[in-house]
Amino acid sequence: MSEYSVFTSESVSEGHPDKIADQISDAVLDAIIAKDKYARVACETLVKTGVAIIAGEVTTSAWVDLEELVRKVIIDIGYDSSDVGFDGATCGVLNIIGKQSVDINQGVDRAKPEDQGAGDQGLMFGYASNETDVLMPAPICFSHRLVERQAEARKSGLLPWLRPDAKSQVTCRYEGGKVVGIDAVVLSTQHNPEVSYNDLRDGVMELIIKQVLPAELLHKDTQFHINPTGNFVIGGPVGDCGLTGRKIIVDSYGGMARHGGGAFSGKDPSKVDRSAAYAGRYVAKNIVAAGLAERCEIQVSYAIGVAQPTSISINTFGTGKVSDEKIVQLVREHFDLRPYAITKMLDLLHPMYQPTAAYGHFGRHPFELTVDGDTFTAFTWEKTDKAALLRDAAGL
């Protein structure tokens, strides 16, 4: 972290247009794999004034009422009336989903499951840092918590004038790789037209910002920008078109780590854009939890139709207790990063994906879910169950 004295990350709420699209795409994925866990799903969503469009490629034996599903997601987020500019009950829903290409499918499916090839070529990154309790960079962690709190205050009625769309941004100051202060906070939230700016500013400051950000990191020179344009009544899909996969930095590490470019939402685990990025987080988090490094970034790459990664590399930015080369060796010994093995290691063939589509795919706490009698753990890639093994293997 020594290369930065300050660093900024942003997040967006579940009511942001791009996040509506992500949540719809993952709801479609969940609904299908709940009935057919080996389905192939690639679902993209577009939302704009009065309409939601789902497109992509799916291969499955399951039937799902996708129109009803799309409407439910939109309404559950909070777009349930024309008064807020978008109504899941009355918007148009267009379904143009087709079948997966047989050319792609023949590169993925194998007689032996463990030989399953990657669904595409690509490079994926995983990252962890010991600067927060969830081993995530502080700026993105705090940014997520702000918009998550905004949704809580809206849905509970604590701040009844809030509407679903919101964005946050946090600038942290670092000394010696440690967070020592928060220099700037931006929170823009959609609201109804009746609330005064003074009431909005005071409510957001007292009941959102001060409830989330550590008081010891705020100081007399911290800048607070609350709805800096003054008015944010028009929002959601009316204000901006929303598309799946347009918030990949929000979804990952807030820019602190590199990104391979592939989005996550709407993709089943055979797509390494998603599953290998989750595995990368799992590896990096266990390395940091084991005390092998204070920061760790892993890159994994794949060729379409090939099971074994084409490369694995590690960067601990000079914080490693052992060499990066030694850590690569440990990763190869203790983590099987073939696509099928990742799916087994992280138990990914369950309908766990819609919760990932807002407030970050990483830095979350694993929890149990039950869907149609199927009980499983979500966010398995956040476990640190291999930390002790890695520490012993490294001789620490």
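Every residue, even glycine, has its Cβ placed from backbone N, Cα and C.
Per Swiss-Prot, ATP binding site is recorded for H16, D165, A166, K167, D240, R246, K247, A263, K267, and the stated evidence type is sequence analysis. Annotation for K247 (ATP binding site): same-chain Cβ neighbours under 8 Å, separated by at least 6 residues, are V12, H16, D18, K19, D22. When secondary structure is read from DSSP and collapsed to three states, K247 (ATP binding site) falls in the coil class.
Per Swiss-Prot, the feature Mg(2+) binding site maps to D18; the stated evidence is sequence analysis. Mapped onto three states, the DSSP output places D18 (Mg(2+) binding site) in helix.
Under DSSP, E44 (K(+) binding site) is assigned to a strand (E or B) in the three-state scheme. If you draw a 10 Å sphere around the CB of E44 (K(+) binding site), it holds 22 other CB atoms from the protein chains shown. Per Swiss-Prot, the feature K(+) binding site maps to E44; the stated evidence is sequence analysis.
The annotation L-methionine binding site is assigned in Swiss-Prot to E57, Q100, D240, K271 on the grounds of sequence analysis.
Residues or ranges marked as region 'Flexible loop' by Swiss-Prot: 100-110.
Every protein chain considered, the tally of other Cβ atoms within 10 Å of the Cβ of E57 (L-methionine binding site) stands at 16.
Per-residue confidence over the region 'Flexible loop' (100-110) averages out at a pLDDT of 60. Checked against A166 (ATP binding site) by C-alpha proximity, the binding-site residues E44, E57, K271 yield E44 as the nearest. Rounded to a whole value, the Cα-Cα separation of E57 (L-methionine binding site) and E44 (K(+) binding site) is 9 Å.
Remark: of the binding-site residues H16, K267, K271, the most isolated position is K271 (fewest other Cβ atoms within 10 Å of its Cβ). Pairwise Cα distances among H16, D165, A166, K167, D240, R246, K247, A263, K267, which the record gives as the binders of ATP, peak at 25 Å.
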